[in-house]
Structures are given as C-alpha cells and as structure tokens.
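Annotated features, as they stand in Swiss-Prot:
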BINDING   Lys6, Tyr153, Val154, Glu155, Tyr156, Ser157, Gly158, Gly183, Gly203, Asn204  sn-glycerol 1-phosphate binding site
BINDING   Asp8, Thr34  Mg(2+) binding site
Amino acid sequence: MKHLFKLDPAKNLPMNDLTKLVHSGTNGFIIGGTDNVQIEAVQKLYELLGETDLPIFLEISNESMILPEADHFLIPVVLNTENSKWTHGLHQELIKEMGAFIPWKRVTAEGYVILNKDAKVAHLTEAKTDLTDEDIVAYARLAENIFHLPIFYVEYSGMYGDPEVVRKASAALSNTKFWYGGGIRSKEQAAEMAKYADTIIVGNIIYEDLEKALETATIFRKKTV
C-alpha cells in the first residue's frame with residue numbers, strides 16, 4: 001500500500017465525495033479521529049465504504065471507535081510520550097475488559113511519533129515533539145528492534161513534515177513498515193514523501209479541497225495498456 005486516505009467520522013463528507021475517493025487510485029482507508037468520535041458516526045462511515053474492495057482500517061483512539069465487524073484494527077502506541085497511558089495503559093485496560101473477545105489476527109499495532117506540537121493529538125498524549133533527527137531515528141529502531149512493531153508512523157498531524165527526517169527514519173528500518181502522515185496538500189508533496197515512506201496517509205485536505213486530495217492518490221493509480 002502506497003496511499004491511504006484517513007477519514008474522520010466526526011466530519012461530514014457527502015456520498016458523492018466518498019465515491020470519488022474510492023475511485024481515486026488510493027489503496028485504502030483509515031477511519032480515525034482524536035475527539036468527538038461517536039460509534040454511530042463510525043458505523044455509518046464504515047457502512048458507506050463497505051461496498052468497496054479496498055481495505056478499511058479502524059484506528060482505535062478510544063472505546064467509541066470499536067466496531068466488532070471491522071476487518072482491520074490499528075492500535076496506536078505513542079512512543080514519544082512519558083505518559084504510560086498512551087504507550088500501554090489504555091491498551092492494558094481494554095485488553096483486561098475485552099481480551100477474550102479481541103480478534104487478534106485482525107489487530108495491528110502502530111508505533112507513533114507525533115511531531116506537531118500544536119496538534120490536538122500532541123496535547124492529548126503529552127507528546128514530546130522537540131526531537132532531533134537522531135531522536136526520531138532512535139525511535140524507529142526502538143519500534144523495529146525492541147518492540148517488533150509492524151508499523152512505524154511519523155505523524156505531523158496537519159503540518160507538512162521534513163522530508164529529510166522521513167528519509168533518515170525510513171532508512172533505519174528493515175522490516176517494519178514506515179508510514180507518514182501530516183500536511184500533504186498536493187500531488188507534489190505526496191510524491192516527495194512517497195519516495196521514502198512505504199505508505200503515505202492523506203487526511204485534512206479531503207475536507208479542505210477534495211480535488212487536491214484526489215490528486216494525491218492519482219499518481220499511484222495503476223496504468224492500463
């Protein structure tokens with residue numbers, strides 16, 4: 001997967017726009033949000049996407065995101081925080097409550113590094129965002145070699161990141177997949193980050209300028225003879 005659209009269930013998106021996203025050339029969708037997420041909205045969005053053959057991932061930020069019938073669950077593990085609530089605390093509580101019913105084969109953990117100090121998610125998780133390139137590379141190696149996480153996700157959350165940071169962190173990984181999200185608002189930015197990331201995630205621009213969002217996916221569309 002080179003490209004995923006991230007949809008916020010707390011935001012409205014017309015069905016016609018959703019159809020355009022499905023046929024844009026993207027490789028799939030993440031449904032996720034930081035706040036004001038209601039299970040009814042999650043279910044409605046999931047059902048609207050249900051007829052596509054593209055993978056749909058539910059990124060679980062809180063219990064209100066849990067939809068038992070979902071095919072894929074993403075579990076964020078925030079690496080650059082000293083608040084254990086976001087590295088394993090909430091995770092342990094949920095497993096204690098629901099462990100016997102969790103479909104583990106459909107669950108994938110993501111090692112998150114959040115780098116936009118002004119983002120809601122940075123404030124919520126108390127993320128330490130003033131990191132050097134060396135810090136971020138070390139987190140990448142931690143994710144792969146100590147925690148054996150399948151995904152290392154660098155999240156600039158609304159702000160376009162530093163391609164050099166992405167290049168260095170990606171180069172430090174051998175087996176863990178590198179995902180990049182944050183501030184992609186043009187096909188040029190999409191192409192730039194895709195040079196280094198295994199997968200790029202495009203979110204906010206969907207709700208700001210749909211046509212530009214679509215352009216970020218069309219560059220990955222398979223050409224037919």
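Glycine is no exception: its Cβ is also placed from the backbone N, Cα and C atoms.
Since this is a predicted model, take the numbers as computed values, not measurements.
Taken residue by residue with DSSP, Asp8 (Mg(2+) binding site) is part of neither helix nor strand, so it is coil. Between the CA atoms of Gly158 (sn-glycerol 1-phosphate binding site) and Thr34 (Mg(2+) binding site) there is a gap of 13 Å, rounded to the nearest whole number. Long-range neighbours of Gly203 (sn-glycerol 1-phosphate binding site) (same chain, six or more residues apart, CB within less than 8 Å of its CB): Phe5, Lys6, Leu7, Asp8, Gly181. Across the residues the record lists as binding sn-glycerol 1-phosphate (Lys6, Tyr153, Val154, Glu155, Tyr156, Ser157, Gly158, Gly183, Gly203, Asn204), the two Cα atoms farthest apart are 17 Å from each other. Around Val154 (sn-glycerol 1-phosphate binding site), a 10 Å sphere centred on its CB holds 26 further CB atoms from the protein chains shown.
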